[in-house]
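Everything below concerns the one structure shown next.
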């Protein structure tokens, strides 16, 4: 299977890896006496020196050399997954919950291709991910050798960067560079593909070489002139609103956001990726904008005269029809990625920089040169906004089938678990309900696949989050469709004692598909019934499935039973818990702006459209 | 569509051209011509690419290209402030009867005959694209058997250099 063994050279005695200083800042192995080791040992040593404590992965032929020294590492906890996709999402869940780089490892060929989805997912949601894959020996590259796949080529459009390593001596430098690129600037996935012969060959391990990345210079500090111009717009605005994106969470800028928002008394909206960047309980918070956003958030953006976009990217799920998005607003757009600015909406004041630094600089500038504006109470604007908040709070209509209401289930999970919990969702209706009805008070509490929309994200991401944050209660709020894509990782959770809680919002169908079929396809339910729920054959039976894995399995069919089941799940911490919440298939996510339609046409509930006419200070055409 | 010439300084590493062209292809832009080679600085290559694209998407794709880790610097070269050269070789039917006429055309265009066979000659021409295209039209009636051309090469006028401050 592998190429010929490398020429025998005197082997250095493998020495146990020393425990590195936290953060990997220590410089070991002086230039005078570099330690000789194999490429595989160098991979493990480099990860240790970078402070990596967890690797999610699954071994196979071409990564076997690296799995050997991994067995001896005292620092690195390797979590053996059941499918490489699970390793990838676990690593991104770990990264999103902790803010540290998530690391996953797989073999060549199918092992590597199974990582493509989580890599693409991390790329869309700017998650720092280091993916290490084995590759066939360099002499066999390009020959269609067994389990050979050009994973560098395949992932080129969905990685921040990637490396193919064929020379053992390059390993420490490349892995350090990959880790650096993944975690700085706009975070993202970096792939390192290492040929088997490079893992087996020997090198002199050096740690103190300079990183050689002449083309990589992320800009963190915003330009002073842009900050001054932005502050002027903020001081002049009568109807400003913050449009906060996931960049605020990745940057750790929630404190700076709170300070600036409170100082300016400007309302705040948080996108799907930014839930938790600003406390839900804060009176200035209007909730989530976009397709399933709150009426106050959507309306405030539509009627605003200044949009202060921080680490957000004017995604189509937020803007709806772009031409009619916030039509009267000037735009301040701050992002660490210059390519995001002006991509969808022209910015009046573009600011390139790290969200925390931008927010901090804006507050300083406003305090120094616009202190009068800071005191502005904006009574007419807040009057409008508070009117929307009062008239159109988030809510739902209870079902009359006697089943659980999905929104109620999620409200109760949130209430009983509290804001210190972590909530990872899959993709679809349950994801939107989890974004709407969990109360987020802190960043990194909400994990989801926002950009790519990856069904199956939830269980492995929750697993990764629980490994990274073992003292927190971690929920996977999943759908019956999503759950069936990645539930094999329950085995990983049981074996490795990772006691996540899984709440399956089981409507026996691909719920969001069904909702669109109800609304836009005359109720023709083409291939969206999954037969897992109420009055179906229940294939699979999720309670039995949970029990087969060694998890606690609970079925809840009525609202009255929800609290007891959730509490029981919270009390069990020696194994995962799976709760099958049986909900009606007809429950829908509201509010909603149909795809490609103007946000002005938001529906609060089916066929109920808020009437904004006469409310705008500019007046609105009918 | 308008035509733009970008000059791009990149690290000389495997796969860089794939990343570069892949990003352009992903946006659905067509590459009109491409020329790549090493520079006076070791480890750096220079890509000269001519693309047909409107101004706004060009700015966007330039920002995205700039994000590529191996890309050091990108400048757009405007026609007024740069020198551009095309380089073409034509294999033209030319037996004894017309060879003198072909030779006369070649001299008129300041081109050169670089290979001679019994019934054909190979003509090398460099210059502005218009001039090379004109030569092409004049040679056409003789019968062109084969054409090969490099991408446009372009360099900014004056003493400033794109690689100033790009050294490591």
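Any Cβ shown, glycine's included, is placed from N, Cα and C.
TrEMBL labels come from automatic prediction, so no person has curated them.
Here TrEMBL flags A:1-12 (among others) as compositional bias 'Low complexity'.
Per TrEMBL, the feature compositional bias 'Low complexity' maps to A:22-32 (among others).
TrEMBL lists A:37-153 with the feature domain 'Thiamine pyrophosphate enzyme N-terminal TPP-binding'. Residue counts for the domain 'Thiamine pyrophosphate enzyme N-terminal TPP-binding' (A:37-153) under DSSP (helix as H, G, I; strand as E, B; rest coil) come to 55 helix, 23 strand, 39 coil.
DSSP labels the residues of the domain 'Thiamine pyrophosphate enzyme central' (A:227-362) in these numbers: 56 helix, 26 strand, 54 coil. According to TrEMBL, the domain 'Thiamine pyrophosphate enzyme central' annotation covers A:227-362.
Look at TrEMBL and you will find A:426-581 tagged as domain 'Thiamine pyrophosphate enzyme TPP-binding'.
Residues or ranges marked as region 'Disordered' by TrEMBL: A:1-34.
Mean pLDDT for the domain 'Thiamine pyrophosphate enzyme N-terminal TPP-binding' (A:37-153) in this predicted model: 98.
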